[in-house]
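Participant: Got a structure for you, written out below as structure tokens; questions coming shortly.
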Amino acid sequence: MTQKLTITRPDDWHLHLRDGAALAAVLPDTARQFARAIIMPNLKPPVTTVAQAQAYRARILAALPAGLQFEPLMTLYLTDNTTAEEIAAAKASGFVHGVKLYPAGATTNSDAGVTDIRRCYPALEAMQRAGLPLLVHGEVTDPSIDIFDREAVFIDRVMTPLRRDMPELKVVFEHITTKDAAEYVRDASGPVGATITAHHLLYNRNAIFTGGIRPHYYCLPVLKRETHREALVAAAVSGSPRFFLGTDSAPHARGLKEHACGCAGCYTALHAMELYAEAFDAAGALDKLEAFASFNGPAFYGLPRNTGTLTLEREDWELPAELPYGDTTLVPLRGGETLRWKAR
């Protein structure tokens, strides 16, 4: 049984850092484990221009504690009005590494998102020419579609036609949650990748309802059946370079999670690599963790691998039940419970 594992320092290819006091509270957790992260643009107001991305990047770097090295990889928020000129400026900036597609209303702060993908074709064609990846929240928002089916329907209604029209557009299918998505990415032609969260590798939808409503397991896309979780694990440990680490760590104040209409999102930045190690260990595939966490993402994005290392040791420790979050607190996923791995 492996007791200690040292890997190339990993990256997080899907992260929510928020802004202001919340940013200052959560950024150190990510920077202690990850060298780089793709930063989601769904602030209020959203990050829709290169100038806004540059300003947000400066705020992130200003909040980084002394002694920690971390590079934020910025993204733009795609809207119906995003121009080809803004895409060209994003590519030329050197610090914008993708453009995020949120179907309007699909998740937290997505109200300004895309209402019809066809309205974005001029911008998407510019992205295809520039080699700038499209990062996709892959769920339809049609209220007639069951929430557990929205990812699979998105593949048929949006992803397949989009990739038929733009076969060379680099696409990341973010935080995939279904067997359908895993098989789509595995079998697709052209430049397609996918991020997978730790919580979707570890849990199925029963976790939300064990002994009552468990709001800290509620995220979007929502956890799915066990057959889907098993398919995600199989994809993550397969060795395919198309699958890579993206925590989708999404901090919310405790009172906004434990609420009559609670926010979606799991906070995992503090203990992300410990959770991934647990998932890969359970699958008997610790030897596949480094490629998933440290190699596949940089290869897809055309970036060099990191030069530092991170060590994981088999060691029991208790995760704090709650963490400071501005003038309030947040509850990490599995808060107050014992974890079996420790990152150093």
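Any Cβ shown, glycine's included, is placed from N, Cα and C.
Annotation source Swiss-Prot lists substrate binding site at His16, Leu17, Arg18, Asn42, His137, Leu220, His252, Ala264. Annotation comment: Swiss-Prot describes Lys100 as N6-carboxylysine. Taken from Swiss-Prot, the feature Zn(2+) 2 binding site applies to Lys100, His137, His175. Residues or ranges marked as active site by Swiss-Prot on the basis of sequence analysis: Asp248.
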Participant: Using the structure shown, find which entry in His16, Arg18, Lys100 (the recorded positions) has the sparsest Cβ neighbourhood within 10 Å.
Facilitator: Arg18
Participant: Could you tell me which three-state DSSP class His16 (substrate binding site) falls into?
Facilitator: coil
Participant: To the nearest whole angstrom, what is the C-alpha distance linking His252 (substrate binding site) and His175 (Zn(2+) 2 binding site)?
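Facilitator: About 18 Å separate the Cα atoms of these two residues.
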Participant: Rounded to the nearest Å, what's the C-alpha distance separating Leu17 (substrate binding site) and the residue listed as 'N6-carboxylysine'? Just drop the number here, would you?
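Facilitator: Cα-Cα, rounded: 15 Å.
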Participant: How many other Cβ atoms sit within 10 Å of the Cβ of Ala264 (substrate binding site)?
Facilitator: 16
Participant: Could you check which of the recorded positions (Lys100, His175, Leu220, Ala264) sits closest to Asp248 (active site), going Cα to Cα?
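Facilitator: Spatially nearest to Asp248 (active site) by Cα position is His175.
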Participant: Work out how many Å separate Arg18 (substrate binding site) and Lys100 (N6-carboxylysine) at their Cα atoms, rounded off.
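Facilitator: Lys100 (N6-carboxylysine) has its Cα 16 Å from the Cα of Arg18 (substrate binding site).
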Participant: Sort the binding-site residues His16, His137, His175, Leu220 by C-alpha distance from the residue listed as 'N6-carboxylysine' and give me just the closest.
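Facilitator: Closest candidate to the residue listed as 'N6-carboxylysine', judged by Cα separation, is His137.
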Participant: At the level of the C-alpha atoms, what whole-angstrom distance separates Leu220 (substrate binding site) and His175 (Zn(2+) 2 binding site)?
Facilitator: 9
Participant: Which ones, of the binding-site residues His16, Asn42, His137, Ala264, have a Cα no more than 10 Å from the Cα of His175 (Zn(2+) 2 binding site)?
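Facilitator: Correct set: His137.
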Participant: Would you count the other C-beta atoms found within 10 angstroms of the C-beta of Leu220 (substrate binding site) for me?
Facilitator: 20
Participant: Within 10 Å of the Cβ of His137 (substrate binding site), how many other Cβ atoms are there?
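Facilitator: So the number of other Cβ atoms within 10 Å of His137 (substrate binding site) is 25.
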Participant: Taking only the residues the record lists as binding substrate, namely His16, Leu17, Arg18, Asn42, His137, Leu220, His252, Ala264, what is the largest Cα to Cα distance between any two of them, in Å to the nearest whole number?
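Facilitator: This binding site's residues have a maximal Cα-Cα distance of 19 Å.
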